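**Student:** Pasting a structure here, questions to come.
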Amino acid sequence: MEPATLTRSSSLTRFPYRRGLSTLRLARVNSFSILPPKTLLRQKPLRISASLNLPPRSIRLRAVEDHHHDHHHDDEQDHHNHHHHHHQHGCCSVELKAESKPQKMLFGFAKAIGWVRLANYLREHLHLCCSAAAMFLAAAVCPYLAPEPYIKSLQNAFMIVGFPLVGVSASLDALMDIAGGKVNIHVLMALAAFASVFMGNALEGGLLLAMFNLAHIAEEFFTSRSMVDVKELKESNPDSALLIEVHNGNVPNISDLSYKSVPVHSVEVGSYVLVGTGEIVPVDCEVYQGSATITIEHLTGEVKPLEAKAGDRVPGGARNLDGRMIVKATKAWNDSTLNKIVQLTEEAHSNKPKLQRWLDEFGENYSKVVVVLSLAIAFLGPFLFKWPFLSTAACRGSVYRALGLMVAASPCALAVAPLAYATAISSCARKGILLKGAQVLDALASCHTIAFDKTGTLTTGGLTCKAIEPIYGHQGGTNSSVITCCIPNCEKEALAVAAAMEKGTTHPIGRAVVDHSVGKDLPSIFVESFEYFPGRGLTATVNGVKTVAEESRLRKASLGSIEFITSLFKSEDESKQIKDAVNASSYGKDFVHAALSVDQKVTLIHLEDQPRPGVSGVIAELKSWARLRVMMLTGDHDSSAWRVANAVGITEVYCNLKPEDKLNHVKNIAREAGGGLIMVGEGINDAPALAAATVGIVLAQRASATAIAVADILLLRDNITGVPFCVAKSRQTTSLVKQNVALALTSIFLAALPSVLGFVPLWLTVLLHEGGTLLVCLNSVRGLNDPSWSWKQDIVHLINKLRSQEPTSSSSNSLSSAH
């Protein structure tokens, strides 16, 4: 089956980038945004760029010139490598515009004295941060382990060596933020740490910075876990392909080949590529020679290996398990399935949900409020609560308490609350489900109704032609004086015309007609021109149709629904006769019907479709566990629609719908029922309804490009079992996000209150604060697990699992007793 063309939705967020000759950019990790960096500037502004290497919080500052990105490179390989460089570091970094004059001056000064280079070095070596933390801990235990005369000297030595390891980069970060008018978590922590030093508590200040860095290293580890599937996909993307050299138009032969290794992005459509055992198919292609056993588990989650033989379509990224084959590229690297999956998943991570957008706006203002409150406590505390301004042996001072509030109230835990969205997106990608943004999960969780298209969605879409029946305008008889069209010839003529009109179509009815015509002795029909009417049918001018009395000539042919064909007849009496003939058909009403009209002769094409395996279970799950209102929206007639509906368990059916009717039904039902509506389809006829629905879901393997473009969720597997998974995952994600926000606020309160009251030291405040942040991260990672509808369902599944194991255990016991 041909892989889907994953078309980027026009609704996807685009990130503007300012242009300027002397624009200074500060690229660093922002705890309130997780966006992929993009370097799309056509000018060459000076900027500070970020490179995240081993330590997740290590941000490399350097002055570079932006890459001229207009795709006119002299060396394509260099361009390709440049892309991979940015992809490698793009999971959790964002470029912040830093155009203020103070920032430029500060950076120039820092660069001149080597501050930038030293900060880069310290950030890139994780062991230095760990060493600093170890030195601070050693200084803390010196009073208990070291001889008394050496305590002060050892503590000073540890502090002098350890503090610069964490303080150099922290001070540069904070000063750059302050110079740009930013007040964030880095500024708050740096202020608290250096204020502690000036107050004589250098040990606590050092511990604060060390624990902050280590905690955020752990935080970034959990954040990177959410992107692990995308990374694996990108790593499985081959860098090169074995391009077969074709000389003088000769057809390549698998037994005698001449090939060379070329960069994968240089493989053109129509090129021949050799794929051996263990290799990855570089681009979407068609097997030309040979055969192989392939797996696409990492693309769609489909575990079962597939056999690929000549003529089969294979998606880029498929792994060749066994065999050797020549494939012909059908798409370039940029348009191939694997690259599109990576693109869509990365864009889904970058399309921020409502909560994260709110946190982006809230974060900076919140940090400023924390600074104001801290200053108020520092200066008003001595007057209101009789605290000393600086700490004494008997009481912690107001400045110390203010620093504790500054640390405890930092919004780190709130900032990582949306991490649950990232884990959900990766979990869906692992199952072969692509979401066009985290906001889709919020929308999906709010839906109370789900509507399914019938043909190709609830059914296999593999329609089979059962009969061709002339019903109107055909003359029969043996009298030679009457212009006759004997029935066998009419059936052949009708099939030939219909197959010619539907050649190359993706519609299930059209595919069934074309498949039925293969291998049959049919007259040659040529389509001169045609016009398509979405959801109704098509008309064409055909050549090659002959009668007994005359040679072939151009004739008008129409193919589509009964209503479409009857609407083309001017006489109401003729339309009624055709409808009566359809109702009186000896084949009954349960089949799917298509009608063909050629010069007022109408032929009925009877087709049969079967429900997909497992669809009834999906519908039952959506009804009983998801509590969704389930309905069918189809363009088929009522008897065919109800036959499928009864088979799968749907009790609400709307049939004989044109695309505009489906669109209106979606709008009206969503408005009347309240809440959102999910539309599941795959054809171009479903595109308007998919676009109007709260969430549109398509089966990507057989969907039209239009349906894919407007859909919010793409199911890469060719079944709808992913629909209940999506609904359950959305509800799990919204629940996790709510839990994260509650945990974040609780951790802030529990760390801030005792700190302001003077019950805990500054280093313990940091520990409580960062502990809350790590707790939120750990809770978010739960989103990588499969969701469940409720704890009751978990218990039912556990009981069923135990019951299924009982016969096995009893039989094993009987065998052992027999021995």
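Note: Cβ is positioned from N, Cα and C throughout, glycine not excepted.
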**Student:** Using the annotation in Swiss-Prot, determine whether Asp177 and Pro761 are placed on a common side of the membrane.
**Tutor:** no
**Student:** Please find, within the list 678-697, 738-757, the residue stretch that Swiss-Prot describes as transmembrane segment.
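**Tutor:** Comparing 678-697, 738-757 with Swiss-Prot, transmembrane segment matches 738-757.
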**Student:** Labelled transmembrane segment by Swiss-Prot, one stretch among 203-223, 707-727. Can you tell me which?
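**Tutor:** Going through 203-223, 707-727 one by one, Swiss-Prot gives transmembrane segment for 203-223.
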**Student:** Which range out of 154-173, 181-201, 738-757, 763-781 gives the transmembrane segment (123-144) the most CB pairs under 8 Å?
**Tutor:** 154-173
**Student:** Three or more CB pairs closer than 8 Å, sequence separation of 6 or more: does that hold for the transmembrane segment (154-173) against the transmembrane segment (738-757)?
**Tutor:** no
**Student:** For the topological domain 'Lumenal' (145-153), DSSP counts of helix, strand and coil?
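**Tutor:** Looking at the topological domain 'Lumenal' (145-153) with DSSP, the answer is 7 helix, 0 strand, 2 coil.
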**Student:** When you scan the chain for residues with a C-beta under 8 Å from the transmembrane segment (181-201), skipping those not six or more beyond its ends, what do you find?
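**Tutor:** Distant Cβ neighbours of the transmembrane segment (181-201) are 30-32, 96, 100, 163, 167, 170-171, 173-174, 208-209, 212, 363-364, 367-368, 370-371, 390-391, 397, 399-400, 403, 406-407, 410-412, 415, 762.
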**Student:** Would you kindly list the residues that approach the transmembrane segment (203-223) from elsewhere in its chain, counting only those six or more residues past its ends and only Cβ-Cβ distances under 8 Å?
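**Tutor:** Same-chain residues near the transmembrane segment (203-223) but 6 or more away: 29, 34, 55-57, 91-92, 126, 129-130, 132-133, 135-137, 139-140, 155, 159, 162-163, 166-167, 170, 189-190, 192-197, 407, 412, 416, 419, 422, 761-763, 766-767, 770, 773-774, 777-778, 780-781.
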**Student:** For the topological domain 'Lumenal' (758-762), what's the model's average pLDDT?
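**Tutor:** Mean per-residue confidence for the topological domain 'Lumenal' (758-762): 87 out of 100.
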